[in-house]
Amino acid sequence: MANIDIEGILKQQQPYDGRVPKTKIVCTLGPASRSVEMTEKLLRAGMNVARFNFSHGTHDYHQETLNNLKTAMHNTGILCAVMLDTKGPEIRTGFLKDGKPIQLKEGQEVTITTDYDIKGDPEMISMSYKKLPVHLKPGNTILCSDGTITLTVLSCDPDAGTVRCRCENTATLGERKNVNLPGVVVDLPTLTEKDKEDILGWGVPNKIDMIALSFVRKGSDLVNVRKVLGPHAKNIQLMSKVENQEGVLNFDEILRETDAFMVARGDLGMEIPVEKIFLAQKMMIYKCNLVGKPVVTATQMLESMIKSPRPTRAEATDVANAVLDGTDCVMLSGESAAGAYPELAVKIMARICIEAESSLDYGAIFKEMIRSTPLPMSPLESLASSAVRTANKAKAKLIVVLTRGGSTAKLVAKYRPAVPILSVVVPVLSTDSFDWTCSDETPARHSLIYRGLIPILGEGSAKATDAESTEVILEAALKSATERALCKPGDAVVALHRIGAASVIKICIVK
């Protein structure tokens, strides 16, 4: 950490000065935020990615929300990526007699049956996982209803399809509550039939940008999902959510196969000891940073803002520490989907991110990234790291990357420059003018989960030489950057682009 002083800490909050955090913000859209008016407010407040949670809602409901988002993007001119978060495989308790909650008392014994037709009572409850008596053994723990009920396994009878347990605490159990089996390897598919229907029936037709996959347990899960996507796989990023011990154990192979990663601390926090969650978060973020894959930190980041206009001090510190750990994105769930202050939550999250980013020692981060990158570097990685080194040495205010698919700009982002990266998605040029629109926004929207990357869409052309057309695009990019207050006349800007077969890094002075 750097740039920390007493005066800076004590300085009163300043009015909004136009600064935008490098860290991206993912917002879950729901009843509190799905209107065109509120979605516009979230976009202006700093939302970069809209999350559609398919654990809730119908296709028609989500379609209406997406249509509202598209209208809001058109009205504001702000680009936003679309994330489909799958419900994933789950184990739930069954229905209860008369639909009434039951009281479980500490020390009492209860039988669990895999016959889901049985209506539960204090002596017997059902669970939806058929192989429960096969995979559990005496001494295992079963957590129900978000961990509020702990059951210890006493015996298993696979033939009868039952498990005998002891209740470790007094609590009330309602119908269809979630179940976690810490440390138990379960035999459930990563994609359920519902997930496939959501992805192929809603996600693919709507050209979504990314899928957040719940309960990824091994690298082959991602290979199978890409097979399901078929030809659409190349346009949809896969974001893995590791939410159990098996996934943590296989983290490295999952990281090799995934496009992005989400540290989903909710279910993970019930699978591993609560005092180890911070270690898992730091390990996952660090490993994602080393390979240049974007990582989202999620769950309960500003949870109290569902009801309160101010976060708790612990929540504010949690968001800042995720930024210091190296996260690319921070995420709001209930805060933006169903909270009383969705816009304020985004604004506060953005302010916290800006403060945390200003305290980072970017020189030390760059050295660590260089030290940890295997040699020899690929030509593209060598160029990307050199562009960041040049920007650091020249005290540049901005890095501009002209790219067709976005991969060069993403590699620049891996080296965490202290300045923003303007990623200009360059089309094939064919006319005499340059216009800031693009028929295919996919590469630009994919950039919206990388820290520090600001994508700009370009469509246009020049019948001139490659070198001349590049200069036209670069000049337009610098003009756009000036309008966005990313730089001003007299500032040094590092540009990275290709001319023919050669790659060029140069320092430009903004006119």
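Positions of Cβ are set from backbone N, Cα and C atoms, glycine also.
As given in Swiss-Prot:
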BINDING   Arg51, Gly266, Asp267, Thr299  substrate binding site
BINDING   Asn53, Phe54, Ser55, His56, Arg92, Lys177  ATP binding site
BINDING   Asn53, Ser55, Asp85, Thr86  K(+) binding site
BINDING   Glu243, Asp267  Mg(2+) binding site
SITE      Lys241  site 'Transition state stabilizer'
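Recorded features from Swiss-Prot, shown on the structure.
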{"residue": "Asn53", "record": "ATP binding site", "Cβ contacts under 8 Å, 6 or more apart": "Thr28, Gly30, Asp85, Ser333, Ala337"}
{"residue": "Phe54", "record": "ATP binding site", "Cβ contacts under 8 Å, 6 or more apart": "His62, Leu84, Asp85, Thr86, Lys87, Lys194, Asp195, Asp198"}
{"residue": "Arg92", "record": "ATP binding site", "Cβ contacts under 8 Å, 6 or more apart": "Met127, Ser128, Arg176, Lys177, Asn178, Val179"}
{"residue": "Glu243", "record": "Mg(2+) binding site", "Cβ contacts under 8 Å, 6 or more apart": "Ser214, Phe215, Val216, Ala264, Gly266, Asp267, Leu268, Glu271"}
{"residue": "Thr299", "record": "substrate binding site", "Cβ contacts under 8 Å, 6 or more apart": "Ala264, Arg265, Gly266, Gly269, Met331, Ser333"}
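Between the C-alpha atoms of His56 (ATP binding site) and Lys241 (site 'Transition state stabilizer'), the distance comes to 18 Å. A simple Cβ count within 10 Å picks out one of the binding-site residues Ser55, Thr86 as the most packed, and that one is Thr86. Candidate binding-site residues: Asp85, Asp267. Fewest other C-beta atoms within 10 angstroms, Asp267.
Within 10 Å of the C-beta atom of His56 (ATP binding site) sit 14 other C-beta atoms, taking all shown protein chains into account.
Across the annotated binding residues for substrate (Arg51, Gly266, Asp267, Thr299), the two most widely spaced Cα atoms sit 18 Å apart.
The recorded positions in question are Arg51, Lys177, Lys241, and the one with the fewest Cβ neighbours inside 10 Å is Lys177. Gly266 (substrate binding site): 15 other CB atoms within 10 A of its CB, across all protein chains.
Taking the centroid of the Cβ atoms of Asn53, Ser55, Asp85, Thr86 as the K(+) site, the other same-chain residues with Cβ within 8 Å of it are Arg51, Phe52, Phe54, His56, Leu84, Lys87, Gly88, Ala212, Ser214.
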